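Novice: As annotated by TrEMBL, domain 'Acyltransferase 3' applies to 30-353. Residues annotated as transmembrane segment in TrEMBL: 35-55, 75-97, 109-130, 172-198, 210-235, 271-292, 333-356.
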Amino acid sequence: MTTPAVPAVIPAQAGAPHPAPGPARRGRLYTLDGLRLVAALIVVAFHFVAFDNWSTPVWGKSTSVIFPTAHPIASYGWLGVQLFFLISGFVICMSCWGRSVKDFAISRVIRLYPAYWFAVLLTAGVMLWAHGMAQTGYTPSKILANLTMLQEPMGAGDIDPVYWTLWTELRFYLLFGIVAALGVTYRRVVVFCAVWLLMSVLAPHSGIDLIQLMAMPDAAPFFVAGVVMFLMHRFGTKPELWLLLGLSWLLAQNQLPNLMKTAEGSVKHQLSWGICLAVITVFYLLVLGVALGRLRFFNRKWLTTAGALTFPLYLLHEELGWEIIRRLHTDVAAWPLLGGILAVMLIASWLVHRFIERPSAKAMKKWLTGAGQSAPRS
């Protein structure tokens, strides 16, 4: 989840033996900022209006009863995560171009951890205050493990269920970091995309846990599609890029039944494969429209604010929002309560961006980029 900037389009040099120069900045892709907020709001709608996997429903009864019209629509909101992955593939490839692997790693740490640390501590604090350690299971060890963002491979469990996507993102960063270490060129990125798609197909049959873990068959098609669409944006459309994009879409649709099973367990009713396919196809077309300059009309500067709200909103909304619903749903009508929660979350997200992310980013960048440069001489 990165602040996107538009690189200058340079002639394609497939197979260029040296890393391409960094992008010349001539403006931001504001539309991507807007799409990121759309993705976050879709996920928020899913959690508040469609999620129904409760022993004791937070609304007091099923969301299908509380929101009889909106529930079936919001039940497809989980697909907002796939839109996030598409955008992430695009933006990570863009931000990595012409940069060293160290610069790439520093940019990711600065972008992710300040807001994440705040969200972990705030969510844990509120839930412990409301329900105690015995009910939440938020032990000091679990909270500390979550601060690493590696709680899933550590087996510690997430403080907030939405954090699962961060482990997926981290694995993508690790894989693309290999390309950055070698030097990012058109040819290397194309090969990376082709190999990753192939491995995502073969990994489930390998019997090797590590390969399956890193190949991420359910997420790889979306990340690769985003990367390919950035290549189209930078180098223009080419046959091999259309081939990779089409292949990623075919693999994505093949993963839908597995993804739908998890979602159906959350909404407690059957979902339509056709609707899911239509939604992800629209997401592909939207990001492709940005890549090819077909959505310039929507490229508005105010969307920068939308992009800034996205990550804090995603991190804060679920557990804290559910807790507000638990406490107020008997006193406030459902739709006004939902609107109030969204307003509170958006304001909180802006405050996190303004007073947590921005100041800490400057301090962390100064510290991390200076590390190793001021070491005493031997």
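Just so it is clear, glycine is given a Cβ too, placed from its N, Cα and C backbone atoms.
Please situate the listed features within the shown structure.
Specialist: Beyond the ends of the transmembrane segment (35-55), by six or more residues, the same chain brings 1, 62-64, 67, 70-71, 74-81, 83-84, 87, 162, 265-268, 286-287, 290, 303, 306-307, 309-310, 313-314, 317-318, 321-322, 325, 338, 341-342, 345 to within a C-beta distance below 8 angstroms of the stretch.
Residues 1-3, 136, 138, 143, 146-147, 149, 159-160, 166, 311-312, 315-316, 319-320, 323, 352-353, 356-357, 360-361, 364-365, 368 of the same chain lie 6+ residues outside the transmembrane segment (109-130) yet bring a C-beta within less than 8 angstroms of a C-beta in it.
Counting only same-chain residues 6+ beyond the ends of the transmembrane segment (271-292), those with a CB under 8 A from a CB of the stretch are 29, 31-32, 35, 75-76, 79, 82-83, 86-87, 90, 225-226, 229-230, 232-233, 237, 245, 249, 252-253, 256-257, 259-260, 263-264.
The list of residues near the transmembrane segment (333-356) in space but at least 6 beyond its ends in sequence, with Cβ under 8 angstroms from a Cβ of it, reads 44, 48-49, 59, 66-67, 114-115, 118-119, 305, 308-310, 312-313, 316-317, 320-321, 324-325.
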